[in-house]
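**Q** Following this message is one structure expressed as structure tokens.
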Amino acid sequence: MAASGEPGRQWQEQVAAAVVVVGSCMTDLVSLTSRLPKTGETIHGQKFFIGFGGKGANQCVQAARLGAKTSMVCKVGKDSFGNDYIENLKQNDISTEFTYQTEDAATGTASIIVNNEGQNIIVIVAGANLLLNTEDLREAASTISRAKVMICQLEVTPATSLEALTIAHSNGVKTLFNPAPAIADLDPRFYTLSDVFCCNESEGAGDSFVGALAFYLAYYPNLSLEEMIKRSNFIAAVSVQATGTQSSYPYKKDLPLYLF
């Protein structure tokens, strides 16, 4: 079931999304500790918080905060985490017309332990993300085909990402593929269907960079790719100065005017 037709989001139906993201939504369960626990050890933490993550949603949020009209094609559980995630997308002015909810799996989660040095241990349960399928994409095909840029990654099944790239490519939509998390023996079609093949390190700043790059590809197509990369890198650098993932991503109003 998709969360569609929200009151007050009329632009979702009237204006085509310029940036469409096909990807993951993860609820981050973060514990801060002085050190990482050893095997079988229980230790006291200093702080706990719940955040919004997932590579796809992260990238979509950053593009939206820069002013892009965005749509998120994803799947969350029919649970409290899923409901909260849909509300988070709405709060970031992201279309949830093709944000599906399922009773067959829980919303994806990432349990994260971080020590004082910033080192971490992470356990990811993909959950509903792995149930986003090609049938869901066919329902969203009209939105994907009208976009200027389509982003996908590998936190949903490779088959789903490949179908998203195929739909976008066949309709002349610029494709931005972030092959993360990396997998062995990547299907060669990922290379041929990707206009921009963007690898990154493990930091959340990589998602900020991808979202910013999609914004520039959609709204400033006359800029050189080198200039787009420089501006996107600046925005990603701003994000590492704050705590959290999406919570650290800057808004257009907080950035220098020369970036726009």
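Yeah, the Cβs are placed from backbone N, Cα and C, and that goes for glycine too.
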**Q** From D207, D254, grab the residue that TrEMBL records in the same substrate site as M26, T27, D28, G54, K55, G56, A57, N58, E155.
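**A** Of the residues offered, the record points to D207.
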**Q** Which of these, N200, N222, does TrEMBL say binds ATP at the same site as G206, D207, N233?
**A** N200
**Q** How far is it from E155 (substrate binding site) to G206 (ATP binding site), counting Cα to Cα, in Å?
**A** 14
**Q** How many Å separate the Cα atoms of K55 (substrate binding site) and D207 (ATP binding site)?
**A** 6
**Q** Tell me, if you would, which residue among D28, E155, D207 (binding-site residues) has the fewest other CB atoms within 10 Å in the structure shown?
**A** D28
**Q** Write out how many residues of the domain 'Carbohydrate kinase PfkB' (204-250) are helix, how many strand and how many coil, based on DSSP.
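**A** When I sort the residues of the domain 'Carbohydrate kinase PfkB' (204-250) into the three classes, I find 33 helix, 0 strand, 14 coil.
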